[in-house]
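Enquirer: Dumping what TrEMBL says about this protein:
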DOMAIN    B:31-260  domain 'Phosphagen kinase C-terminal'
BINDING   B:34-38, B:H97, B:R131, B:182-186, B:213-218  ATP binding site
Amino acid sequence: MAKPPDCSHCQKPATIHLTQIINNQIKKLDFCENCPHQKGVTDPTGFSLAQLLAQNDLSASTGADGSLTCSACGFSPSDFKRLGRLGCPECYESLGDFISPMLEKMHRGTHHTGKCPDELLARIQITRRIEAIEKALREAIEEEAYEEAARLRDELKALQNTQVSGNVNYG
Amino acid sequence: MPRTFYANMQIQPLIDGRSELTHAAEPPQEVIISTRVRLARNLQGHAFPGWAKAAQRRAVLSECEETIAGLAQMQKGAVLEIENLSDLEKQVLVERHLISRELSAHGAGSGVVVSPDQSTSIMINEEDHLRIQVLRSGYHFNDIWNAIDAIDSSLESSLNYAFSENLGYLTACPTNVGTGLRASVMMHLPGLVLANQMEKVVRAVNQLGMVVRGLFGEGSDASGSLFQISNQQTLGESEQDIIRRLGIVIETIKEQEINARLRLIENEPEKLADKIGRAYGILQHGHVLSSSEAMNFLSLIRLAVDCGLLPVEQRAQVDRLFLECQPGHIQFAAKENIDSDGRDTARARMLRKETGDMPSLNFDKLAFS
Ligand SMILES: [Zn+2]
Ligand SMILES: [Zn+2]
């Protein structure tokens, strides 16, 4: 698992995490447990936690409907209000702004701390390695370092072959 | 598909087999009936069952069925597709806790694979693509966790699970995301019911983020004084922590139950003796018994065993009868179509036969003052 981020205020590990889109900017805020800065004090990004939560509730109940849909399966928050269930695993990412506040209310935490299968972790690591090589490859091509680019391309091909191919099967 | 009643019942081998719930390897204990853990899992790149089109559901079903049937734990197990089962067969499976009511209401594209001893069942295309369940008689969280973890890991090596580093296992309902784990214990709490304390217990348990349900889950009644206690939250806590916290709650409830029984024995021994005596008499001699009546009388017999009025060997019989007196099981055993009145008569007949040679009640153990 990735190392948990530190609190935006202290150096302690953060246990409270907020992601919020305000004025089209994604803000991520992390607080340690019982953080003295959590209440009252304005955070470095200029919003108090209370303000954030208020806005969170607002975006979840009004604005989002209709406009927000999952890019993978076409599911929208109004479908959730009707069915009480999500459309596909991608919805968690696509409809994150709608789902995150719910998760905070439902659960004891916002981060998974349980079983993390080796297979999946290995796959995540391969994906990350591929992303890094793709970036290096683009740079190599820009710099006209063709030998380096060829080497990276081979490495990339090898990694892509080890990746388990997921069947994408949406309607 | 027209189906001749009782011809080719696919579940007959399950009924005939020695299952964990009807023939547990270890003698049952007091207060705790069974322990269960389920994991919700989904496949990456596929819409959840409730949002998927029929063809997508069928694709997931055949992929999962094949993988699950290949598990070492599921060798010689039953692979059942919901659309091929009669209503009665589905009802029997629900009564055995092998499928949920939700799955039984689904049509094409849903199925279940059950291990030969019926301790493991994996539902396909219920609310999630996979619902893996391991159930054992008695209190066995460690063994169950090890067993289900191993099954999950082997499935994971062939299936591409939907998993996020941040949110864990992604599930159709946000209430299950993270570990996808629900751990639950079926408890027998007649002392707390008789002392009118269950409401208090339910409230206290809820405050700890746990839930109390009846025998068949949400909305089912509490006949037989049987209750399932389970965790509600799945994100932000590891599987071990969830199980450990639930374990503490279970221990506390068990203590409360035993205290309630001791108070009953001390304060109202005649009232308790009378309830047990009537239950015993009606089970041995009644001719019309509804399932909830039967459950309540069986519950009092289990309480009588715990109080020392009957030998401990009787517990296993009571636990088996809890299952076999359910409407679907009575109908299934009848081998012909009977109505509700007919079932009540058949149930009473079965219970007369089963309890006919039960040892007599040793009321001395209640130590009347
Ligand atoms: Zn802090
Ligand atoms: Zn989606």
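Every residue, even glycine, has its Cβ placed from backbone N, Cα and C.
Quick caveat, the model's predicted, so the values are computed rather than measured.
What's the neighbourhood like for these features in this structure?
Expert: Look at B:R213 (ATP binding site): DSSP puts it in a strand.
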Enquirer: Give the residue from the binding-site residues B:S34, B:R213 that has the most other Cβ atoms within 10 Å of its Cβ, counting over every protein chain displayed.
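Expert: The largest 10 Å Cβ neighbour count belongs to B:S34.
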Enquirer: When a 10 Å sphere is centred on the Cβ of B:S184 (ATP binding site), how many other Cβ atoms does it contain?
Expert: 23
Enquirer: Just counting, how many other CB atoms are there within 10 A of the CB of B:R131 (ATP binding site)?
Expert: 25
Enquirer: If you draw a 10 Å sphere around the Cβ of B:V37 (ATP binding site), how many other Cβ atoms fall inside it, taking every protein chain shown into account?
Expert: 24
